[in-house]
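Colleague: One structure follows; several queries about it will come next.
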Amino acid sequence: MSPLGWGLLLGCLGCALPSGARAQFPRVCMTVGSLQAKECCPPLGADPANVCGSREGRGQCAEVQTDTRPWSGPYVLRNQDDRERWPRKFFDRTCRCTGNFAGYNCGNCRFGWTGPKCDQKKPLVVRRDVHSLTPQEREQFLDALDLAKYTLHPDYVITTQHWLGLLGPNGTRPQIANCSIYDFFVWLHYYSVRDTLLGPGRPYKAIDFSHQGPAFVTWHRYHLLWLERDLQRLTGNESFALPYWNFATGRNECDVCTDQLLGAARQDDPTLISQNSRFSSWEIVCDSLNDYNRRVTLCNGTYEGLLKRNQMGRNSEKLPTLKDIQNCLSLKKFDSPPFFQNSTLSFRNALEGFGKADGTLDSQVMNFHNLVHSFLNGTSALPHSAANDPVFVVLHSFTDAIFDEWMKRFNPPVDAWPRELAPIGHNRMYNMVPFFPPVTNEELFLTADQLGYSYAIDLPVEETPDWTTVLSVVTGMLVVLVVLFALLLFLQYRRLRKGYTPLVETQLSNKRYTEEA
């Protein structure tokens, strides 16, 4: 059976699972009892007493730690959104793993570690330019994405109602749904940017946990790591790596939007994907934000139409350039107050694209990440739906590569990240929404090699003359100065000589003053 066939079979099997056993949270925790107790501390293995792998020294059930420091920004409500103090609206106690153990039951290892005791360093997973992949490697990547689109996520399901309605009208049926591995990836992004639900048709839009603040870089880094690990398990290939798309071409064309890669435009309808591409049949989820707001509900993973791109009429818009990368990487400050889309001389804000590449602001200009999403248009143009387009994966992999390069060049201290007064979700110790088990922004503020991966890439450095050039320039300047100094001495000598000559040549009288009189 083909990979796609297996994916469809697994997806259908997943549909038969009882609702009490399935969530954005682990299935095992989405029971009425666990939700009422607000505790997600499942046992590891068959022994029910081995809670969080405690009998093996892997972890223990503990109270969730959340960031209580003040935030800034446009979100001014309190206790109105289920993402505040994440994930305390759902669970107060979760597994807290020790050492390099990780996962909702401490059954996994932290990124970059392996072995029965998670004490062995894994070989680094190397992310490469998608254009440098061999035909076989390219097909493996595309096959993995396609398989993930149609394979039920083995561990997690999504919530379809906000926290107050999670147990349904009778309080006896968790409002949750199965989804595929790739659609789960999409749902995570949607949930991080969705509006606060205050009532029918009353959304509060001034909130975003993964954009417009410092967490932009760490949130999307963890998002990719999560997908990469899911694809490694799905394919049985621990060295599987997400490639990147170097979009800094300065051109007005998408060179990954081909049928050999992520799909060209359809001839009879350029807003759709070519039927020669596997992605032409991809349907999207989490696109109807206004409808969810009107009905006070969440995206439930239902397909809502075909994937779209729309570059028609955008020929004047050009992608970022290598010079933009060079300027961005020259910014020494990670972020600056107010840690929002109007921060100046901020590497994060320049990379995200609210600022210009040199760190200055121009309300008429989009750059980098924001510019590329706008350039692709269609499904990619709106944050809540953008992750549906597989270009999202390679786009954000390259964005993360730039972030990693900046981290390696400047090696910032942890306090370069604001501990407080960033927008909600963006303080250093805030648990990133909606990842579970909880993980803070600080835990991802590292170089990529500390998280088990690296990039095969050479990014441009600031143009500085080499030491031989500097030495030549300095030597030349010294020679010029010496010559000028000698010339000045010579001219001064001539001036003095000319000024005193008449006194030297005068014939003095032997008469005294009194005698002349």
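For all residues, glycine too, the Cβ spot is worked out from N, Cα and C.
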Colleague: The Zn(2+) B site in Swiss-Prot includes H369, H373. Which of H396, H426 is also listed there?
Modeller: H396
Colleague: Find the one among the binding-site residues H211, H369, H373, H396 whose C-alpha lies closest to that of N342 (N-linked glycosylation site).
Modeller: H211
Colleague: What is the number of other Cβ atoms found within 10 Å of the Cβ of N178 (N-linked glycosylation site)?
Modeller: 22
Colleague: Give the mean pLDDT for the topological domain 'Cytoplasmic' (491-517) on the 0 to 100 scale.
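Modeller: Within the topological domain 'Cytoplasmic' (491-517), the model's average pLDDT equals 41.
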Colleague: If we count other C-beta atoms within 10 Å, could you say which of the glycosylation sites N170, N237, N300, N342, N377 has the fewest?
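Modeller: Minimum Cβ neighbour count within 10 Å, taken over the glycosylation sites N170, N237, N300, N342, N377, occurs at N170.
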Colleague: How many whole Å apart are the CA atoms of N300 (N-linked glycosylation site) and H189 (Zn(2+) A binding site)?
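Modeller: On Cα coordinates alone, these residues lie 14 Å apart.
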Colleague: Nearest to H189 (Zn(2+) A binding site) by Cα, among N170, N178, H369, H396 (recorded positions)?
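Modeller: Checking each of N170, N178, H369, H396 against H189 (Zn(2+) A binding site), the shortest Cα distance is to H396.
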Colleague: Can you tell me the CA-to-CA distance separating N237 (N-linked glycosylation site) and H396 (Zn(2+) B binding site), as a whole number of Å?
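Modeller: It is 22 Å, counting Cα to Cα.
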Colleague: Express the distance between the Cα positions of H373 (Zn(2+) B binding site) and H211 (Zn(2+) A binding site) as a whole number of Å.
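Modeller: Pair distance, Cα basis, whole Å: 13 Å.
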